Amino acid sequence: MSTVVEKSGEAKPGKVEVGVKLRGAEKVARIPVKIIPTEELPKKPDWIRVRIPVSPEVDRIKQLLRKHKLHSVCEEASCPNLGECFSGGTATFMIMGDICTRRCPFCDVGHGRPKPLDVDEPTNLAIAIADLRLKYVVITSVDRDDLRDGGAQHFADCLREIRKLSPGIQLETLVPDYRGRMDIALEITANEPPDVFNHNLETVPRLYRSSRPGSDFEWSLDLLQKFKQMVPHVPTKSGLMLGLGETDEEVIEVMQRMREHDIDMLTLGQYLQPSRNHLPVQRFVHPDTFAWFAEEGERMGFKNVASGPLVRSSYHADQQAHGNKIG
């Protein structure tokens with residue numbers, strides 16, 4: 001198993017050119033803790049079974065994404081549900097490029113200095129969604145700390161263009177934390193709100209330094225609460241990955257904090273290490289434990305809890321938004 005240790009006395013990596021995507025060891029070399037690579041990835045338990053993403057529908061959606069120069073988080077983040085979702089004719093779109101300004105060592109999305117925004121992306125995204133005849137779409141993004149509003153206006157532009165071509169569609173946004181730009185970002189978002197506002201806490205506060213460098217647990221909670229105060233009729237949603245070293249007690253505490261901040265929906269899923277250079281899996285949470293978390297969440301008052309090993313933030317998001325049980 002790989003380990004995480006504090007760095008001391010190491011030379012800082014050089015500046016990255018615009019448009020160069022760093023992944024794996026190059027990416028995690030730029031965080032405040034050192035990831036010692038795993039010698040061998042842990043064997044997954046029997047309850048984690050993933051469909052191989054091979055079907056005509058998978059190929060069709062990938063070709064459509066390339067045609068319109070779009071990205072799906074399903075591919076970029078190596079989501080284990082890619083085959084199931086693509087085969088069902090759905091996808092979670094990732095806007096603002098495929099290079100993130102953050103360096104989270106659990107995530108497989110590339111890091112670097114992103115290119116300027118593609119002004120045609122809102123239109124191209126709307127056309128692609130109309131071509132696919134989708135009824136529920138999740139839109140997420142890389143972090144864009146280089147933008148004065150964190151990319152909030154680009155999100156709003158995308159929602160507006162999609163609604164023009166697909167009247168009646170439901171849109172969920174999975175947004176970054178808008179670090180240092182919360183007020184302007186939320187003002188923009190409130191003027192063109194999604195149907196579900198999602199921002200993931202990802203893990204428990206104790207693990208933020210090693211798991212989410214550059215992010216702040218309390219800031220993320222405040223983002224969700226302030227949006228809810230501004231647009232009270234729109235459901236808010238957040239999620240955690242389990243298996244990074246948290247305890248069950250810490251998970252329950254975070255769930256309670258979420259409810260204190262008026263978060264309506266919750267997702268809980270198993271962290272799966274993308275490569276030997278990413279954060280190690282500390283435990284595989286049993287399905288019975290996920291079921292227990294779901295029961296506790298419902299008791300706390302969440303409107304919907306999706307809790308299971310392969311649950312991800314946008315996994316069957318349409319069903320969760322409609323109140324169906326996911327897990």
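Using the three backbone atoms N, Cα and C, a Cβ is placed for every residue, glycine included.
DSSP assigns SER314 ([4Fe-4S] cluster 1 binding site) to coil, not to a helix or a strand. Summarising the annotation, Swiss-Prot assigns [4Fe-4S] cluster 1 binding site to CYS74, CYS79, CYS85, SER314 and lists sequence analysis as the type of evidence.
Under the heading domain 'Radical SAM core', Swiss-Prot lists 86-303.
The DSSP secondary structure for CYS107 ([4Fe-4S] cluster 2 binding site) is coil. Other Cβ atoms within 10 Å of the Cβ of CYS107 ([4Fe-4S] cluster 2 binding site), summed over all protein chains shown, number 24. Per Swiss-Prot, the feature [4Fe-4S] cluster 2 binding site maps to CYS100, CYS104, CYS107; the stated evidence is sequence analysis.
A Cα-Cα distance of 15 Å separates CYS107 ([4Fe-4S] cluster 2 binding site) from SER314 ([4Fe-4S] cluster 1 binding site).
SER314 ([4Fe-4S] cluster 1 binding site) counts 28 other C-beta atoms within 10 Å of its own C-beta, drawing on all protein chains shown.
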